[in-house]
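The structure under discussion appears below in the form of structure tokens.
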Amino acid sequence: NVFCNPAFELEGEKEVVLVSAAVLLLLAALGLALVLILTCGGVLTDSEGSFSSPNHPGSYPSNSLCVWVIQVPPPYLVQIHVSSLTVEGPSPCLFDWVEVREQIEQSSVVTFCGNVAPPTVNTNSSTVWVTFHSDGSIAGNGFTAQYRAIRPGHESCSREEFMCDSGRCLLPVSVCDGHPNCHDQTDEANCSHKRKCGGQKIGPYGYLASPNHPGPYPHQQCIWYVSVEEGHVITLSFRNFSLETQDVCEFDYVEVHDSISTEAGRVLGFCGTTFPPDLTSSGPHMTVVFVADEGLADSGFNATYQAVSVLGTCGPSQFACSTGECLQQQWLCDGWNDCPDGTDEQSCGNSTYPPFASPCESIEVEMCQGLSYNFTSFPNIWLSIADQREAATLLGQYRVLMELACFEPLQRLVCGMFLPQCSPQGGILQPCRSVCSSAEQQCSQALDLFSFSWPFNCHLLPDSQDPLECSLP
């Protein structure tokens, strides 16, 4: 209560000590690490200068909190250019981040992380706060940045960047990417020169490839919707596969959804240079997504798909449902009823699960029990968590949140992200945006007491109340 209500008074010196200790534990658990004496940051008042993360270009220390206050004389405004960035990511920057906050009536905040330096930031303020935060785990080389004072109306971008909205800068890869990033939408004008990708694929067989394959692919997102006739399933085979090498699939990757869209169905993700296995859908629809970030690019991939009949006389290596449908052996005992009568899931013993099988499992993490759902499924492709044991380990640092008055809305958000709901149609569901907004409304005041901003970007979550698109934990 004292954390969410600054006016709350406690009786007894012992209780004050206990609450103070609990608050410090909470900040450590959230990775916000309250630093009583800052060893980095400072006040910068020159007309131009530079600043960087601690120990740059070496690795920054864990649990860092640095705040730089940049002040130039009005009416001059602050312009910031980050020339290098290697900060644990990716978006929504839950662990390590750099934040630029303007000191104006309607405060503007820009937060970034990852391995790609953001575009130039032209602010609308003479005073800007830049905060660098790191948690207690993975560290990178940090960042270095330059700032200077500019006159109003003299906003500029670096030579390779694109400027719109009278001062907003975009990286080249964000121009003509199919997603308007500017309010005036000039970044999506005159884009006929850029090769399109994705689209509808209808027919018994076909071909998919990343843009410009076998050349380097651009920063782009492609979605293919593959459909075949009823009574058929789809087999997808990769012929070439070479994406940016990474430990977890968070920069460049391919997702394969066992459904007609990306909103439902079982999903598998692939990256790096290891060929994915042949994948077979459970029905006549499959959705393939290719995502490439702004960083390194490789030769990409190409794949073929083919419709396979499940009706008629079953072969010697197939399983016959009572309805006459034929199933491939890999569909037996995969945790899903592929036969209408469910006979493919009977007498399964301890069978293992082949590709596309991601069965629901009961939530075992104490902190996340008592939600509106009791089953989750892994892998969690959004946070790159392999299984529930890894999720429990990561959530261990949040246990002290259970003592907070605003724990309930925050629990729904954190658990919804780390142990997402297992969808009845297969796959997992992200928490709805309203879950995040509710937690922000009720708990951001607690963080404000320590000059920390809300660490989640709620706008990245689905804006829907449809239980088939997102969850309400």
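Placed from the backbone N, Cα and C atoms, the Cβ positions cover glycine too.
Taken from TrEMBL, the feature disulfide bond covers CYS157-CYS169 (among others). Cβ neighbour count for CYS157 (disulfide bond) (all protein chains, 10 Å cutoff from its Cβ): 20.
Long-range Cβ contacts of CYS164 (disulfide bond) within its own chain (separation 6+, distance under 8 Å): LEU170, ASN181, CYS182, HIS183, ASP184, THR186, ASP187. Under the heading disulfide bond, TrEMBL lists CYS164-CYS182 (among others).
Other C-beta atoms found within 10 angstroms of the C-beta of CYS191 (disulfide bond) number 12, with every protein chain shown included. The disulfide bond annotation in TrEMBL covers CYS176-CYS191 (among others).
As annotated by TrEMBL, disulfide bond applies to CYS314-CYS326 (among others).
Sequence annotations record features per position, and here TrEMBL assigns disulfide bond to CYS321-CYS339 (among others). Every protein chain considered, the tally of other Cβ atoms within 10 Å of the Cβ of CYS339 (disulfide bond) stands at 21.
For CYS333-CYS348 (among others), the entry in TrEMBL reads disulfide bond.
Residues or ranges marked as domain 'CUB' by TrEMBL: 40-150 (among others). If you average pLDDT over the domain 'CUB' (40-150) in this model, you get 89.
DSSP assignment over the domain 'CUB' (197-308) gives 0 helix, 54 strand, 58 coil. What TrEMBL records for 197-308 (among others) is domain 'CUB'.
Per TrEMBL, the feature domain 'FZ' maps to 355-473.
If you look up TrEMBL, you'll see 16-44 marked as transmembrane segment.
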Q: Specify the count of other C-beta atoms within 10 Å of the C-beta of CYS169 (disulfide bond).
A: 21
Q | When distances run from the Cα of CYS157 (disulfide bond) to each of the disulfide-bonded residues CYS176, CYS191, CYS339, the nearest one | A | CYS176
**Q.** Spatial separation of CYS169 (disulfide bond) from CYS191 (disulfide bond) - C-alpha basis, Å
**A.** 18
Q.
Just to verify: the residue among CYS176, CYS182 with the fewest other Cβ atoms within 10 Å, which of the disulfide-bonded residues is it?
A. CYS182
Q | CYS169 (disulfide bond) and CYS176 (disulfide bond), Cα-Cα, nearest whole angstrom | A | 14
